[in-house]
Amino acid sequence: MTSTADETGDVFRHEGRNAAIVVCWFLGLGSLVAWNSMLTIGDYYYSLFPNYHPSRVLTLVYQPFAVGTMILLAYNEAKIDTRKRNLIGYTLFFTSTMLLIVVDLVTSGKGGLGPYLGICVLVGAFGLADALVQGGMVGDMAFMLPEFMQSFFAGLAASGVLTSGLRLVTRAAFDKTNHVLFLAISASFEFICILLYAFIFPKLPIVKHFRSKAASQGSKTVKSDLAAAGVETQEGQVDEVRKTNKQLLVENLDYAIGLYLIYILTLSIFPGFLYENTGKHQYPLVLMAMYNLLDFISRYTPLVKCLNIKSRKGLMVAILARFLFIPAFYFTAKYGDQGWMILLTSLLGLTNGHLTVCVLTAAPKGYKGPEQNALGNILVVFLLGGIFSGVSADWLWLIGNSSF
């Protein structure tokens, strides 16, 4: 078994490393698969609720719960038990998905305001679960290997590929039965994530190493996970020079703003614009599939050293350059052909995933465990804030649209 020195010089064994990477991938998949299912089967909701702009409205309902909860969690992250936080989040994902199935079965797949409001409530629960899980997992992995963070975010993107692939297979006749099938598959993955996080992940030797190290540096968030792994911890001395959340934000403001800008741009186009504003290019399923596929692939490109953007200035330049997508999509929808629209959507996904991983794997380096956990939560606040702003800005595409 090989050993490696981490960035602080501590030597650790790689035992359980590959297993941890796989588990992180599934934990990422399970934390977004239900929501991606709802986005991917948006045409089903448009058939049930044609006057309610479901793709835009449901996304807009999701985000205030995610952002508001994440801000509170980030502010109090040092006092929150990460194990309870993540398990509650995955359980909430699973429960909400099962209730969506119940709503569909009880209403017999019919539209109307009542079922729509019920779906909106459950979507709000998804937002709450997202804040619990994504902030908890990113904070936890921020003091572990960068490969764990990369694998988790690859799993997030894989959920989009999975749902898009299933949707393309069933596109000929998508009905209530297929809708329930999608949600049942999502619930299965979410249940698997509960088991993986509760019984497998905390017991992996490499995970125990990093959590024990964080505990020795004063972290209280890992105590329950270490106890679940059979590791006894002593009350460590709280690091007197631990940086405050404000100091961490100031030192990493460019990373935080970068994440915000990545997602405000992406969500101002995906998925609402692709469903409602692609002009003569009425093939949202293909566009969604291409975005999800390239977003997934790009989560692995930072593993290639020559493609991993480590320069902070270089990252910001690349992030700002993405805003050229706005005029590009506008003119392509009006004047371009299908090939150009598919190319643009693919590039949107490619740059989204690549830059996200570059930022989140670079930012935590050089800090101690408790600081890395705090910084991970802060960055997720800005990521979710960018998503919220993006889905709000997405409505601007409807200005001048006579069908609004």
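Each Cβ is built from the backbone N, Cα and C atoms, and glycine gets one as well.
Database features (TrEMBL):
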| type | residues | note |
| --- | --- | --- |
| TRANSMEM | 19-37 | transmembrane segment |
| TRANSMEM | 57-75 | transmembrane segment |
| TRANSMEM | 87-107 | transmembrane segment |
| TRANSMEM | 113-133 | transmembrane segment |
| TRANSMEM | 153-174 | transmembrane segment |
| TRANSMEM | 180-201 | transmembrane segment |
| TRANSMEM | 253-275 | transmembrane segment |
| TRANSMEM | 281-302 | transmembrane segment |
| TRANSMEM | 314-333 | transmembrane segment |
| TRANSMEM | 339-363 | transmembrane segment |
| TRANSMEM | 375-398 | transmembrane segment |
Annotated stretches the transmembrane segment (113-133) and the transmembrane segment (153-174) touching (3 or more Cβ pairs under 8 Å): no
Cβ-based contact of the transmembrane segment (153-174) with the transmembrane segment (180-201), 3 or more pairs under 8 Å: yes
Ranked first among 57-75, 253-275, 314-333, 339-363, 375-398 for CB pairs under 8 angstroms with the transmembrane segment (281-302): 339-363
Contact ranking winner - 57-75, 87-107, 253-275, 375-398 against the transmembrane segment (339-363), Cβ under 8 Å: 253-275
Other parts of the chain folded back onto the transmembrane segment (87-107), taken as Cβ under 8 Å at six or more residues beyond its ends: 30-31, 34, 38, 114-115, 118-119, 122, 125-126, 128-133, 136, 176, 179-180, 183-184, 186-187, 190-191, 193-194, 197-198
Cβ contacts under 8 Å made by the transmembrane segment (253-275) with residues that lie 6+ beyond its boundaries: 39, 42-43, 46, 53, 55-56, 59, 284, 287-288, 291, 312, 315-316, 319-320, 322-323, 325-326, 329, 333, 345, 348-349, 352, 355-356, 359-360, 362-363, 378-379, 381-387, 389-391, 393-397
Positions whose Cβ lies under 8 angstroms from the transmembrane segment (180-201), at least six residues beyond its ends: 19-20, 23-24, 26-27, 29-31, 33-34, 37, 40-41, 83, 86-87, 90-91, 93-94, 97-98, 100-101, 104-105, 159, 163, 166-167, 170, 207, 228
